[in-house]
Amino acid sequence: MTKPVLALQHITKQFGHGHTAVKALTDANFEVAPGQFVAIIGPSGSGKSTFLTIAAGLQTPTNGQVLLNGTELATQSEKARLAYRFNEIGFILQSSNLIPFLTVTEQLKLVDKMAKRPFQKDKAKTLLAELALSEVVDAYPNELSGGERQRVAIVRALYNDPSVILADEPTASLDTPRSIDVVERLAKEAHQHQKAIVMVTHDQRLIGNCDVVYRIEDGVMTRQ
Amino acid sequence: MYLGLKEMRHEKLRYTLLSGVLLLIALVVFMLAGLANGLSNGNRQAVDTWQAQTVYLNKNANQTLSASQLKLADKSKLTGNQVAPLATLAGTLRTTSNSKKTTTNALATSRNSFLMPKIVSGHAINGKNQILISAGLKAKGYKIGQKVRLGTTTKTVKIVGTYATNTYMISPTVYTDIATLNRLKGAPITSGKQQTINGFVTKKSQFKTSHHGDLEKISINTFINKLPGYSAEQLTLNTMIYFLFVIALAIIGIFMFVLTLQKQPLFGVLKVQGIGTKHILAALLTQSVAMALIGIVLGLGITVGLAQLMPAGMPFVINWSQYGLYSLALLIAAVLGALLSWRTVANIDPAVAIG
Ligand SMILES: Nc1ncnc2c1ncn2[C@@H]1O[C@H](COP(=O)(O)OP(=O)(O)OP(=O)(O)O)[C@@H](O)[C@H]1O
Ligand SMILES: [Mg+2]
């Protein structure tokens with residue numbers, strides 16, 4: 001098997017202290033390799049989002065290690081984690097991923113501005129075409145359908161060539177056919193472009209395309 | 001920069017309104033500054049044209065020219081070149097038929113003194129009972145060769161020359177010689193060294209000895225600040241201007257803060273994507289500076305336009321270097337206002353965007 005690009009080892013996350021303490025994650029172990037499409041499935045409140053925020057460096061775990069390409073992340077400074085998120089992680093949120101006052105093209109231009117490089121026109125064109133968005137390149141997010149918005153979020157996540165894409169319930173606001181469409185596209189991106197993609201969902205029907213499935217129940221993570 | 005400007009373009013109404021508020025503040029600042037300058041100039045223009053350094057007054061006059069009484073002979077207590085006697089009379093200039101009346105400030109000095117204004121038309125004073133009038137009075141219809149009365153006496157004097165626009169304590173000036181002025185005042189002595197005057201104005205001078213009787217030496221700046229009402233007027237207007245800077249800062253600060261609170265989820269999303277506090281703050285700064293610039297530029301334009309429309313009697317003077325300074329102060333207020341949201345932006349937790 002190829003080396004994992006992202007690995008979380010013995011992760012525990014506890015909120016609060018004493019008898020009010022909530023253990024959102026208990027000794028979670030996880031890894032994903034390039035070209036893998038991984039699903040994390042579990043009921044509401046089981047710790048899925050907590051897991052993703054720790055993987056993205058948005059929160060530090062109480063115990064355990066986050067290794068990105070073998071480098072420990074949890075001990076790094078806030079600034080280093082910000083750069084890590086920008087360069088290595090593509091995040092797709094449940095909703096409101098996009099910046100309301102930027103057009104689809106401008107969402108991508110912003111990524112280039114932040115990276116201080118010229119707009120990668122051809123790359124944008126290819127990615128947008130791949131996700132069937134060529135018709136809406138100049139539309140603002142509020143002019144797009146929910147499915148289009150999620151696909152733009154996927155393009156935006158892929159555009160910066162991150163090592164890992166983390167998607168938190170990317171299909172939550174979509175109906176089943178559109179959900180299946182979005183998930184199929186994610187699977188295709190993972191396999192075609194050798195991306196590591198991690199998707200959180202609570203919908204059993206969407207995990208057919210996934211290479212690996214993890215299940216979380218009350219903060220305990222098991223690989224299926 | 002990119003984020004900030006794109007947002008302004010998309011949210012035109014919101015940012016236009018805020019720019020409008022800043023425009024109004026800038027406009028009031030520039031108008032008040034223009035009026036303060038106008039009033040200042042109206043008060044001191046005559047003094048400024050002297051280009052003098054020092055004034056000698058009676059030490060009991062509280063540094064006020066009209067309250068000071070000296071004699072021409074007191075000049076012997078001073079050394080230096082260009083020591084000019086000065087006497088004043090605030091009085092009404094009127095035609096002999098009383099058809100025209102104008103409040104003026106008459107200033108008198110010796111005929112060949114450096115205080116005498118540069119003649120524009122007519123000739124300098126070369127005989128008894130002659131006066132020179134400033135351009136403002138000429139514009140009112142007073143003419144060379146005309147016989148006029150000045151003050152409350154029935155004695156007449158003749159206008160022999162005119163000079164550039166010149167005011168002292170807001171009224172247009174008239175220049176004459178010491179003897180003529182004393183005659184108009186109805187003073188008991190109207191010739192020779194024992195005539196009364198109000199003070200001496202000099203370029204470079206000092207007391208001959210340490211025994212200088214009732215004379216007091218003051219700088220020209222002190223003299224100007226002691227013009228009746230001058231300091232109070234300038235202080236009032238300038239205080240209003242300084243308050244406006246604080247108000248501009250508060251308005252930008254509050255607006256930007258409210259907008260920041262509103263946009264917390266968006267900023268959370270940006271942080272999730274690795275776009276940090278630095279970039280978000282840069283966007284806020286871009287916006288407030290852009291709005292301030294729009295307000296300042298339009299404010300300047302409107303001020304210049306209004307200055308053209310103002311009635312001639314309104315004291316209004318545009319001083320560009322001062323406007324530059326005040327524009328800078330407004331810009332700084334905008335920058336500080338935006339920076340007030342710094343903590344809020346820094347404290348936004350990207351985890352909230354994930355929910
Ligand atoms: N900041 C926090 N402070 C305290 N408790 C928290 C915090 N964040 C999460 N929790 C708790 O941790 C547990 C896991 O939360 P998490 O958001 O990871 O669930 P989830 O699996 O994403 O649920 P959902 O499917 O509803 O989004 C919950 O019991 C939650 O109340
Ligand atoms: Mg969740």
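Cβ from N, Cα, C; glycine included.
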Range among B:112-135, B:280-303 that TrEMBL annotates as transmembrane segment: B:280-303
Beyond the flanks of the transmembrane segment (B:240-259) by 6 or more, those residues with Cβ under 8 Å of it: 14, 18, 21-22, 25-26, 28-29, 32-33, 36, 284, 287-288, 291-292, 326, 329-330, 333-334, 336-338, 340-341, 344
Residues in the domain 'ABC3 transporter permease C-terminal' (B:239-350) grouped by DSSP into helix, strand and remaining coil: 93 helix, 0 strand, 19 coil
